[in-house]
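The structure appears right after this line, and notes come after that.
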Amino acid sequence: MSGGGGASAGDVSRETRERIEALVSRETLSRLEAFAALILRWTARINLVSRKDAAPAEIWNRHILDSLQMLPLVPQGAFRAADLGSGGGLPGLVLAIARPEIGFTLIESDRRKAAFLQTAIAELKLNATVLPVRIEQARLEPSPLVTARALAALPVLFGYAAPLLAPGGVCLFLKGRGADAELTAAAEGWQMRAERFPSQTDAGAAILRISELRRAA
């Protein structure tokens with residue numbers, strides 16, 4: 001990583017730096033730096049991230065690394081994926097930068113955030129499109145991969161994801177400390193295979209890999 005201020009990631013901890021460099025190439029890192037700079041510039045106007053997370057080091061650790069840690073769980077190959085409630089492009093645009101062969105559809109109903117996403121896609125020349133509608137209004141071909149971060153409780157999230165998920169596909173959801181309780185609640189209405197992977201950025205959080213998702217009989 002380059003040094004210096006701004007959004008270059010020069011202020012992150014050594015541990016965060018090493019984790020990011022282990023996941024992406026130097027070229028990808030350069031594009032992530034450009035993306036982080038866009039987040040900083042736009043956050044002053046439309047609150048893409050909370051104010052306490054608006055410092056460069058926090059953007060890299062709490063948002064970019066948080067999204068990048070999903071990479072080892074992303075299926076291989078070229079396909080289209082759906083990112084639900086994309087907000088500031090986390091994780092959708094981060095994954096689009098790291099896996100350019102995957103075409104991401106970013107579903108975001110907030111017009112200002114959708115405008116940010118469209119700007120980032122154009123400036124960074126990403127393989128992604130923005131669908132500025134509510135998730136339940138989205139009309140897409142089912143995808144092998146559906147992603148989301150800090151969007152809704154799992155019983156609701158499964159309702160959003162199921163119509164957009166292709167047979168044999170997987171969901172990757174970044175969840176906070178209530179993930180286990182949410183899985184228990186979701187099991188009342190859904191059948192699934194759920195795998196839990198510990199977060200690298202929050203000791204109590206997790207990445208959930210959901211497959212074989214269907215409504216309970």
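Even glycines carry a Cβ here, placed using N, Cα and C.
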According to Swiss-Prot, Gly85, Leu90, Ile135, Glu136 bind S-adenosyl-L-methionine, and the residue from Arg111, Arg149 that belongs to that same site is Arg149
For Gly85 (S-adenosyl-L-methionine binding site), the same-chain residues 6+ apart in sequence with C-beta under 8 angstroms from its C-beta are Ile107, Glu108, Ile135, Ala148, Leu151, Ala152
In three-state DSSP terms, Leu90 (S-adenosyl-L-methionine binding site) is classed as coil
